[in-house]
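What Swiss-Prot says about this one:
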type     : residues                       : note
BINDING  : Ser98, Asn114, Tyr115, Arg116  : substrate binding site
BINDING  : His102, His112, His146, His176 : divalent metal cation binding site
ACT_SITE : His112                         : active site, proton donor
SITE     : His176                         : site 'Important for dimerization'
REGION   : 266-301                        : region 'Important for dimerization'
Amino acid sequence: MLKEPPKNSREKTKNLLLTLQDKICSGLENVDGKGKFTEESWLRDEGGGGRSRVLKNGSIFEQAGVNFSEVQGKELPQSIISQRPEAKGHEWFATGTSMVLHPKNPYIPTVHLNYRYFEAGPVWWFGGGADLTPFYPYLSDVRNFHNEHKKACEKVDQDLHKVFKPWCDEYFFLKHRNESRGIGGIFYDYQDGSGNIYRGNNQKGEASKASQNIGRSNLNWDDLFSLAENCGQAFLPSYLPIIEKRASQAYSSKEREFQLYRRGRYVEFNLVWDRGTIFGLQTNGRTESILMSLPPLARWEYGYKARKNSREEFLTSIFTKPQDWLNDKELEKFCIENNIFD
């Protein structure tokens, strides 16, 4: 049986996620130098509300959205009950901060972050993660993003990243395209300190295998709160150095067209596969905030084929497939030889 969360669990997680929203927005405004976030507060008829912040047409970001929400309800959607049937019949509470950034320059990756907390009767859990979607990737940028999140996980438990990295690869996968959305990062869900770390549906996947090797989780509520805090704080150091390196990199209409084409994959994932989008729409969430993740511009092209050994081909042949980004020496050698390391 789960241990009860602290009496102030809801207020504590709410404050953590509000602070995360503030820090991220401040950091992004500083690096953009031109754009400013506009805030819109909203209330939900069934209980709760949030604040949506969007930056448009900055010097770096074509569109950046950082949302906070805190919502309550009486009827849980089927998508939650199917995962945690013991929550059925209980009033529920959910709070989260989510972010999607769509930069102008195709050499700066799109990035997504989400950290959340949920309670319903005897059930509670933390979830979250961050993932990077480059269009013209460099291995050094990919490594920095992964390494910062690995360090954040290991502050709480040395084993978590071994599960969260492959879980991210598994979750952000477009089954209808048979490719990853990007180069991954970390992803976790339904973390309540009981049972195995992995709580996904693919019991034959790499995340499940890693979790089985590790065994049962012994993390408590405070550990999982610290995990969300550490991982949230890891975002800016994982991403801002990429902006600083790539913001002045020149690009042509060809790279811009490819960026818009690949953004189409982002749209496809978010509307077809993403559980957060589905949960928000099923619970009468604020549609504008839920769909904030979509890029302002995207395009589709029938039967697109990249030129052999081009940067565009390297994206689909290497950087949309799960890799051991931090340790694979053959991958490092290939990237150096093809000028896509740094």
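Every residue, even glycine, has its Cβ placed from backbone N, Cα and C.
Structural mapping of features recorded in Swiss-Prot.
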| residue | record | contacts (Cβ under 8 Å, 6+ apart) |
| --- | --- | --- |
| Ser98 | substrate binding site | Val66, Asn67, His112, Leu113, Asn114, Arg116, Gly276, Ser293 |
| His102 | divalent metal cation binding site | Phe61, Glu62, Gln63, Ala64, Thr110, Arg263, Pro295, Pro296 |
| Tyr115 | substrate binding site | Leu17, Leu20, Gly96, Thr97, Phe126, Gly127, Gly128, Gly129, Ala228, Cys231, Gly232 |
| His146 | divalent metal cation binding site | Lys165, Ile183, Gly184, Gly185, Trp325, Leu326 |
| His176 | divalent metal cation binding site | Glu268, Val272 |
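Looking only at the region 'Important for dimerization' (266-301), the predicted model's pLDDT averages out at 90.
Apart from Ser98, Asn114, Tyr115, Arg116, the residues listed for substrate, the same chain places the Cβ atoms of Leu17, Gly96, Thr97, Leu113, Gly127, Gly128, Gly129, Gly276 within 8 Å of the centroid of those Cβ atoms. Secondary structure of the region 'Important for dimerization' (266-301) per DSSP (helix as H, G, I; strand as E, B; remaining residues coil): 22 helix, 0 strand, 14 coil. The number of other CB atoms found within 10 A of the CB of His112 (divalent metal cation binding site), across every protein chain shown, is 23. Residue environment of Asn114 (substrate binding site) contains 19 other Cβ atoms, counted within 10 Å of its Cβ in all protein chains. The local packing around Arg116 (substrate binding site), expressed as other Cβ atoms within 10 Å of its Cβ over all shown chains, amounts to 21.
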